[in-house]
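Taken from TrEMBL, the feature signal peptide applies to 1-30. Under the heading transmembrane segment, TrEMBL lists 276-298, 339-366, 372-397, 409-433, 445-468, 499-522, 528-556, 563-587, 599-628.
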Amino acid sequence: MTARSSSSRWARLCTAGLALLLTTTTLTQAFYLPGVAPTEYKDMDAVPLMVNALTPGSDSELKSVIPYDYYDPMFNFCQPEGGPQAQAESLGSILFGDRIWDSPFKIYMRGPEKCKILCQRDVTAVQAQFINARIKENYVINWLIDGLPVGHLRGARSKDQEKQLYSIGFPLGVDAGREEPWFNNHYDIEIDYHHNLQKDTLRVVGITVDPISVQRVVEKAESCGIKAGEMPPMILSEKATTMVTYSYSVKWNEVPTAWATRWDKYLLVGEPRIHWFSLVNSIIIVLFLTGMVAMVLLRALHKDISRYNQQEAQEDFQEDFGWKLVHGDVFRTPAYPMLLSIIVGTGSQMFLMASVTILFAALGFLSPSNRGSLATVMIVFYMFFGVVAGFISARLYKMFGGEAWKTNVIGTAFLFPSVIFGSFVALNFFLIGANSSGAVPFGTMVGLVALWFLVSTPLSVLGSYLGFQRPKIENPVRANQIPRQIPDQVFYLRPIPSMLIGGILPFGAIFIELYFILNSIWFHKIYYVFGFLFLVFGILIMTCAEVTILMCYFHLCAEDYHWWWRAFFTSGASAVYIFLYSVVYYFTTLQIKSFTSVVLYFGWTAIMSIMFFVLSGAIGFFSTFAFVRKIYGSIKID
C-alpha cells in the first residue's frame with residue numbers, strides 16, 4: 001500500500017467520523033434520551049416559581065465568582081408565608097452552588113397578572129450598600145419555572161421563536177456608571193407555552209423576565225405607569241432606610257415550540273460559525289500533524305528493527321548503535337516507583353471517569369433538565385473506577401519489584417483524593433468567610449467523605465488485591481546490573497525542555513474548546529456541545545500518545561533510558577499550558593478584583609489542572625510503555 005493511498009483512506013475515515021459526531025452533536029441539542037418528563041397543565045393550574053442563588057453574570061465581563069443565597073438577609077427579598085422551603089437537589093447541583101427554594105409568587109397557567117403587589121420591604125443602609133455593590137458586580141437573579149431557568153433576551157425580541165436566544169438569569173439592577181445604581185423591583189414575567197393537542201394540555205416552553213426599576217407601583221393599573229415613564233427609578237439610599245415595593249406582571253404567549261426543543265434557546269452558542277470553523281480547523285491541523293508523526297515514526301522504526309535483526313545473521317561483529325544500545329537499561333526500575341505507580345493508577349481512574357462521562361453526555365443521557373447531573377455522574381464514576389486505580393497501581397508496583405504493598409494500597413486510596421479534597425475544603429472556607437451560598441454544607445461534606453471511605457476506598461483496596469494476585473509483568477529484556485552512563489543531551493532533549501515541547505500539541509488540540517468550557521463555568525452558561533467535546537477528547541488521546549512516543553524514541557536514540565517518569569510528564573505537561581491559558585483568560589476576559597474571588601478562581605483552576613495532569617500523564621505513560629515493550633520485543637538480544 002502506498003503512502004498516498006494510506007493517507008487518502010485516513011482522510012476519508014476522519015471525514016466520515018467527523019460528520020457522524022457533528023451530526024450527533026446537532027441531534028442531542030434537540031433530543032434527550034432520558035430526562036424530566038413534561039409537566040401537563042390545565043387552565044389556571046398553579047405553576048410554581050422557584051428561586052435559586054444569585055450569581056455574578058454578564059455577557060461581557062465578570063467581576064466576581066461568589067454566589068449568594070436568594071434569601072440572604074442582606075437582600076431582604078419577599079418570602080412566602082411560613083418561611084421558604086428548600087427543594088430537593090442532587091449532589092452535583094449542591095456542589096455547583098445551587099440553592100433552590102420556593103417563592104411567594106402566585107402564577108397560574110394562562111392567568112395574566114398586571115402590577116400585582118408582592119410585598120413591601122424596608123432596606124437598611126447596610127443592606128443597600130451590599131445590594132448596590134452586587135449590582136455593580138453585574139449579579140443576576142436566577143429563577144426556575146417548570147425546571148426551566150428564567151432568562152432575559154439576548155437582543156430584541158424576535159418574531160421567529162426558533163432564532164430567539166436566552167441568557168440565564170436577569171439583572172439585579174442597572175449600573176450605567178452612576179454613583180447610585182438602579183435597583184430592579186418590578187418584574188415583567190413573560191411565559192411561552194405550547195398547546196399539546198393530543199392530550200389537550202399546556203406545557204411551559206420558555207420564560208423571560210424584563211426587570212424594571214420603579215419607586216412605587218400603582219396596584220392593578222395598566223403597566224403600572226412604567227412604560228409611560230411616569231415613575232422615577234428605585235434608588236437604594238446608603239444613608240437611610242428605603243421602602244421598596246416589589247411587584248410583578250405575568251403575560252402568556254402561545255408558541256409552536258415543542259417541549260422537546262425548549263432548551264435550544266439556552267443551548268445555542270453565540271457566533272456558531274466561529275466555533276465551527278475554529279474547531280474544525282484545529283482538528284484538521286492536529287490530525288495532519290499526528291498522522292505525519294505516526295508515519296515518520298513507523299517508517300524509521302521499521303528500518304531500525306530490520307537493520308538490527310540483520311546484524312545477528314552477519315558473522316562479523318558490529319557494535320550496537322541507536323536505541324538498541326540501551327536495551328540493558330531501558331527496563332531498569334525508575335526512581336520513586338511507589339509514587340509513579342500510584343499516580344499512574346489514579347490517572348487511569350480519571351481517564352475512565354472522563355471517557356465514560358463524555359460518552360454518556362454525547363449520547364444525550366445527561367439532560368440539562370437534571371440540574372447537576374454532569375457533576376453527579378462524574379463523582380459516581382470516579383468512585384466506582386477506584387477499583388481500576390488500585391489494580392493498575394498494584395500491577396505496576398509489583399512489576400517494579402516493590403515489596404511495601406500495604407503502603408501502595410493506602411497511597412492509591414488516599415494520596416490523590418486527599419490532595420483534591422483538602423484543596424476543596426480550603427477553598428470552601430473562603431466561601432464560608434464570604435457568606436456565600438456556594439459554600440458546601442457540612443452534611444454534604446460528610447456525604448462526600450462517606451462515599452470516599454465506604455465506596456471508593458474499598459473498591460481501590462479490592463483492585464489492589466486483584467492486582468497483587470496476578471503474576472508479575474515480565475519485560476522482554478533484562479536490566480543490567482551496572483547502569484549505563486548517559487551522554488550529554490542537546491538542549492531540546494533535556495528533561496524540562498522536552499516535556500514542555502511535548503505538552504504543546506495536546507494543548508493545541510483542546511485550547512479552542514477550553515475557551516468555551518471556561519466561559520460555561522465562570523459565566524454560568526450551559527455547555528451542551530458534548531459531540532464536539534467527545535471528538536476533541538479523542539484527538540487529545542491520540543496526540544498525547546503519539547507525541548509521548550515520539551519524544552521517547554528521540555531520547556532512546558540519544559541513549560537516554562530514563563523514560564518512565566518522562567513519559568508521564570511529557571503528555572502531562574499540557575496541564576501547565578492549561579493553567580497558563582487560564583491566567584491569560586483571567587487578565588483578558590475577567591474583571592475580578594476581590595481577594596476571595598481571585599483565590600477561588602486560581603484555586604479551582606489549579607485543581608482542574610492537576611486532574612488533567614494525571615489524566616493526560618496516564619495516557620502518555622501507557623502508550624509509551626506499550627511502545628517500548630513492542631520495539632524491544634521485536635529485536636534479537638544476546
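Every residue, even glycine, has its Cβ placed from backbone N, Cα and C.
With pairs at least 6 apart in sequence, the transmembrane segment (599-628) and the transmembrane segment (409-433) have 3 or more Cβ pairs within the 8 Å limit; the two touch.
The transmembrane segment (499-522) makes contact with the transmembrane segment (528-556): 3 or more of their CB pairs lie within 8 A, with pairs spaced 6 or more apart in sequence. By the Cβ criterion (under 8 Å, sequence separation of 6 or more), the transmembrane segment (339-366) is in contact with the transmembrane segment (599-628), since 3+ such pairs are found. Residues of the same chain lying 6 or more positions beyond the ends of the transmembrane segment (372-397) and with a Cβ under 8 Å from any Cβ of it are 89-96, 98, 337-338, 340-342, 344-346, 348-350, 352-354, 356-357, 360-361, 366, 405, 408-409, 411-413, 448, 451-452, 455-457, 459-468, 470, 473.
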